[in-house]
């Protein structure tokens, strides 16, 4: 782990001491080298001797998420250049250093082997994200969005802290490996039911489950591009990763405690997909589609079958890349037209023809068309939920149809139609933007050739 952590930490002095004309170039190239080097940790075998120490370890569940975190840092830096062009150099350095600190916290969170360490790092990610949203957001509502983000996350995670301290006093350890090997089935009584809720609530808020999702559209809409990318691609995955880690020690009461949450997740997918059909704000639509896709991950994780865990892991990686790409595309429009309203950015196919091809590919990936990894994740989740209850096939089928409708609605509204008068004199697309889209799309397609790399612990 130190082979990735120490170079990432050294980004901080690099950003501080680089000459002002070299800050963007140095940070982009260096972070791209770190992300390339992190690919060596991808093919994790069950023998973790080389990777294991008392504090941090990577296995086949955490290594895909670690690499996703490393992969997105250079893309966030590249995507933020135009946004910060007119800022003073001190503000640019602060912004980049916040992204690096967030990256370090995420790498340590995904590789932590103690649950209390995971909790501390889970909360640590809140601080740089909140500063990025509240300081560099576009509208005055960013402070309101930051408050929503802060209070939802804190109120959801306080019961988790109490539950972890209780488990520590009962079992004497919060080490992930020891907890999975300790035969301690929870008895069916009301106190253990409350313990289950306390453990799961923080992760369900972070995912977010429908009903706890109100902070997400606000935070996404008001965040700058790097904030939206890291929120959609990685921070939501902290919730899914936490569920997959902690649900093993909550047996056997998960079997009936999870029922209402699985139903809420599948129903929430339909509701949030339907909300997408009524959105006029482009970033808000992409944010609600994230809630819909995360509903699939929640349902698959709580059903607790090997296929469910594999489907949830694949969906998390696929959604991270797809939603980040969609936010980058929305940002390219915003940089030129200074509006997120879809009616005002219509007809861009005539002005930016190559960018419209990226829009088409991102929309197809969002609705899970082959050859993207989204398809493999969605198929596994659909099979899992169908084996749990036949009725869920109707809900998931309806969700797939609505997802296809709003994806094409978004594509047609933004790219087709009559060009508005203020869109006639916009800047052409840049090589930087095409590189960002390529680096998002390549993993989505190439992972289909060898999906076992991201299918997690239960792949055999």
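Numbering starts at 1 and runs along the chain as displayed.
Placed from the backbone N, Cα and C atoms, the Cβ positions cover glycine too.
The transmembrane segment feature in Swiss-Prot is assigned to 22-42 (among others).
The transmembrane segment annotation in Swiss-Prot covers 65-85 (among others). Panel annotation: around the transmembrane segment (65-85), residues 4, 8, 24, 27-28, 31-32, 34-35, 38-39, 41-42, 58, 91-92, 95-96, 99-100, 103, 106-107, 110-111, 136, 224-226, 229-230, 233-234, 237, 241, 316-317, 320-321, 324, 328, 331, 335, 432, 435-436, 439-440, 443 of the same chain, lying at least six beyond its termini, place a Cβ under 8 Å from a Cβ of the stretch.
Among the features that Swiss-Prot reports, transmembrane segment is placed at 96-116 (among others). Residues 1, 4-5, 8-9, 11-12, 15-16, 23, 27, 52, 54-58, 62, 65-66, 69-70, 73, 76-77, 80, 122, 124-125, 128-129, 131-132, 164, 167-168, 174-177, 179, 226, 230, 234-235, 238, 241, 245-246 of the same chain, all 6+ positions outside the transmembrane segment (96-116), place their C-beta atoms under 8 angstroms from a C-beta of that stretch.
Per Swiss-Prot, the feature transmembrane segment maps to 147-167 (among others); the stated evidence is sequence analysis.
Taken from Swiss-Prot, the feature transmembrane segment applies to 194-214 (among others).
The transmembrane segment feature in Swiss-Prot is assigned to 230-250 (among others). Long-range neighbours of the transmembrane segment (230-250) within the same chain, counting only residues 6 or more positions beyond its ends whose Cβ lies under 8 Å from a Cβ of the stretch, are 61-62, 65, 68-69, 72, 76, 99, 102, 106, 109-110, 115, 118, 122, 125, 129, 167, 176, 179-180, 182, 184, 186, 195-196, 199-200, 202-208, 216, 219-220, 223, 257, 286-287, 290, 294, 297-298, 301-302, 304, 309, 312-313, 316, 319-321, 323-324, 327, 456.
Taking Cβ pairs closer than 8 Å, the transmembrane segment (256-276) reaches residues 193, 196-197, 200, 204, 209-211, 213, 250, 285, 288-289, 291-292, 295-296, 298-299, 302-304, 385, 388, 392, 395-396, 398-399, 402-403, 406 in its own chain, all 6 or more past its ends. The transmembrane segment feature in Swiss-Prot is assigned to 256-276 (among others).
Look at Swiss-Prot and you will find 284-303 (among others) tagged as transmembrane segment.
Annotated transmembrane segment per Swiss-Prot: 350-370 (among others), in sequence order, evidence recorded as sequence analysis.
Taken from Swiss-Prot, the feature transmembrane segment covers 373-393 (among others), and the record attributes it to sequence analysis. Away from its own ends, the transmembrane segment (373-393) comes close to residues 262, 266, 296-297, 299-300, 303, 305, 307-308, 310-319, 322, 365-367, 400, 443-445, 447-448, 451, 454 of its chain (Cβ-Cβ under 8 Å, at least six residues beyond either end).
Residues 266-267, 269-270, 273-274, 276-277, 282, 285, 289, 292, 296, 333, 342-343, 345-346, 348, 359-360, 363-364, 366-368, 378, 381-382, 385-386 of the same chain lie 6+ residues outside the transmembrane segment (394-414) yet bring a C-beta within less than 8 angstroms of a C-beta in it. Residues annotated as transmembrane segment in Swiss-Prot: 394-414 (among others).
Residues annotated as transmembrane segment in Swiss-Prot, with sequence analysis given as evidence: 435-455 (among others).
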Check the transmembrane segment (350-370) against each of 22-42, 194-214, 284-303, 435-455 and return whichever range has the most CB pairs under 8 Å.
-> 435-455
Contacting positions for the transmembrane segment (284-303) when only residues 6+ beyond its ends and CB under 8 Å are counted = 204, 207-210, 213, 216-217, 220-221, 232, 236, 239-240, 243-244, 247, 254, 258, 261-262, 265-266, 268-269, 272-273, 275-276, 309, 311-312, 315-316, 319, 323, 326-327, 330, 340, 342, 366, 377-378, 380-381, 384-385, 388, 392, 396, 399, 403, 406-407, 410
